Amino acid sequence: MDIKLLYRLAKYLRFYKKDLIIVMISLLSVSASLLLIGSVFRNLIDKGLAEDNILSVNKSILYICLLIVILSVASFFRSYFINNVAEKIVNQIRKEAYSNLINYEIEEYEELKIGDIISRLTNDIDQIATLIVNFLSFFIRNSVMLIGGITLMFFESFKLASIVIVTIPILLVPLIKFGKHVKSLSKKALESKSLLVSDIDETFNNIRVIYAFNHQINKISDFDTKLQSYLIYCKIRLKIRALFFAISIAVIFLTITLIVWIGASDIVQGDLSAGQIISFIYYAIIAGVSSGGIFELLSEIHLPTTALERIITIIDKISIVHNNYYALNNPDTVSIEFKNVDFTYNSRPNLKIINNMSLKINANKFVGIVGRSGAGKSTLIQLLLRFYRQDNGTILINNQDISRINPTDIRKFIAYVPQEASIFSDTIKSNIIFGNNKASDYEINEIIKITGIEEFSNKLHDGINTKIGEKGVRLSGGQKQRIAIARALLRKPKILLLDEAMSALDTMSEQKLLNAIKKIMKGNIIISIAHRISSIESADYILVIDKGKVVTAGSHYDLSKNSEIYRNICREQLTI
C-alpha cells in the first residue's frame, strides 16, 4: 500500500483522536481477552481436569465467561466507534470532493463523464470507509493477535513455535506475487464500474428518446456488454483472492496438523503437558486466523486504495485561479466590448470558433444574434460568462478586462437562459428564487405574472409550491422555459443573455413575453440568440455571425434590404 495515501488518510483521522483512543482500547481489550482464554484453557486441563479439582474447573469456567463478556462489550465499542469515525471521514471527503468539483472550470468538465463523477462521489468514497474500518480495526486487531499469539506460543513451546514461524514466508510469497496484479485489476474494475454508472445516467436521462426509437433492446445489449466487461475484472480478481485464500488455509491447517503430531510425541515423552499442547494449538489457531485475516485484507486493499487515489485526484486538482483580480465597476449604465477575440475549444484545437471578433454593445440595447449552426453564437455568450477564456484579444464589461475580474463578480451582473431550460427537481418557486433567494414575495409574484407562469401554476394542486419532478419532467418545454426566464429576471441583471430561450413558445406567447422582458430590462442590455427571426425583429440591431466573425450588423429592416447572408438565413427559416 502507498504510504503517502495512508498519510493522507491520517490527516483526516487526527480530528477524531478521542474516538480512536476508545477504538484502540477496545481493540486491545478484545485481543487480550482472546489471548487470555488460551491460558485459562491450560489451567482448566492441567489443574482442573487432570487433578480432578472441581473448584479449579469452576474458577476457569468463570474466568472464561468473564473474558467473553469483556470481549463482547469491547467488540461493541470497537465496531460502533470505528464505523462512526469512518462515516464522518467519508462524508468530509465527499464534501471536499463535491466542493472542488463544483468549482472546476467549465472546460474541465469536458474531460469528465457525469457517470464517472457520480461513481467517484458514491462508490469510490464508500470504498474509503471500508479501508478505514479494515485497516484501523481488523488489520490492527489481527496484528496484535498475531504478535501476541506467536509470543505466547514461544512461552509454551519454543520448538513448536519455530515450526509456525517457518510457514509465514510461505504465505508472503503469493501475496507479493499477486499484489501488483490485483492493484491493476482493481483500477480497471473501478473504471469499468464508472462506465456502467455513466451508461445508467445517460439511459434514464434520455428514456423518452429510447422509447420513441424502440431502442430498449439495443440499450440492454449495450449495458450487458459493459456489465460483462466489469464482471471479467471482478472474476479475475476474485479468482486470485480465492486462490490465495485456499493456499493460506492449506498452509495454516497443515501447520496445525504438524503441531499436533509433534506435540503428541512431546506429551508421550513428558516434555509437554496436555494443557500446554491445547493452549499452544489455541494460540496457533489465533495466530493462523489472524495471519490469514491480515493476508486477506492485504490482498483486498488495492480496491479501496485505488478508490482513495481517484478521489484525491479530484480533491487536489486546482483550477486556474488569479489572485490579482480587480473589482468590477458597478455604474448606472453597462457596456460590453469584444476586441479582436479568438477562441478554440481544447477538444477541437484545430477549429477556430471565434475568429478575430470585434463588437460593442451599449446600455439600453436589445441586440439579436443570428448565424448558421456552428457560427460561434453560443460560444460568444459563454466567453462573456467566463465559462471559457479567450485565446487572444480582450473582452470588456464596463471598460474593464474580464480576464482580470473574478468570474463570480461578473456573473452577478448577468443572467443566462439557455435553450434547454435547466430545471431542478424541486418546486416551481424554488426554481425561480434560485436566481435571487433574497427576493420578496411581492417580487416573486410579479415575475410569475409577467412570465405567464401563473397561467399554469394556478391549475396545480400546490400552485408554485408544486414539486415538478426530476429536470421538471411534469412540465412542458414552454413551461420550463418560462420558469428559467423568471429565474433570470428575478436576478435583476444588468445583462440578460437569451440563447434561444423562448424556442418552445408559440409566436404570440413569445412576443408577449419579450415585450415584458424589454420593459423590465429597460436601461440595461439584452442579448438574444435566435433561430426564429420573429423573436428579434424588434431588436435595436442584429449581429450576423459567420465563421466566428461579425460579418454585418443592423436593424431587421436594414439587413433585409442590404445583407445577402441575412436574407439567406431568413429564407432558410421559411423553408423549415
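Each Cβ is built from the backbone N, Cα and C atoms, and glycine gets one as well.
Lifted from Swiss-Prot, the feature list:
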type	residues	note
DOMAIN	20-303	domain 'ABC transmembrane type-1'
TRANSMEM	21-41	transmembrane segment
TRANSMEM	61-81	transmembrane segment
TRANSMEM	135-155	transmembrane segment
TRANSMEM	158-178	transmembrane segment
TRANSMEM	242-262	transmembrane segment
TRANSMEM	277-297	transmembrane segment
DOMAIN	336-572	domain 'ABC transporter'
BINDING	G371, R372, S373, G374, A375, G376, K377, S378	ATP binding site
Summarise the model confidence on the domain 'ABC transporter' (336-572) as a single mean pLDDT, whole number.
90
Among the binding-site residues listed here, S373, S378, whose Cβ has the fewest other Cβ atoms inside 10 Å?
S373
Which has the fewest other Cβ atoms within 10 Å: G371, G374, G376, the binding-site residues listed?
G374
Minimum Cβ neighbour count within 10 Å among the binding-site residues R372, K377: which residue?
R372
Residues near the ATP site, G371, R372, S373, G374, A375, G376, K377, S378 excluded, by Cβ within 8 Å of the Cβ center?
T379, I545
Kindly assign K377 (ATP binding site) to one of the three DSSP-derived states: helix, strand or coil.
helix
Would you count the other CB atoms within 10 A of the CB of A375 (ATP binding site), including those on all shown protein chains?
21
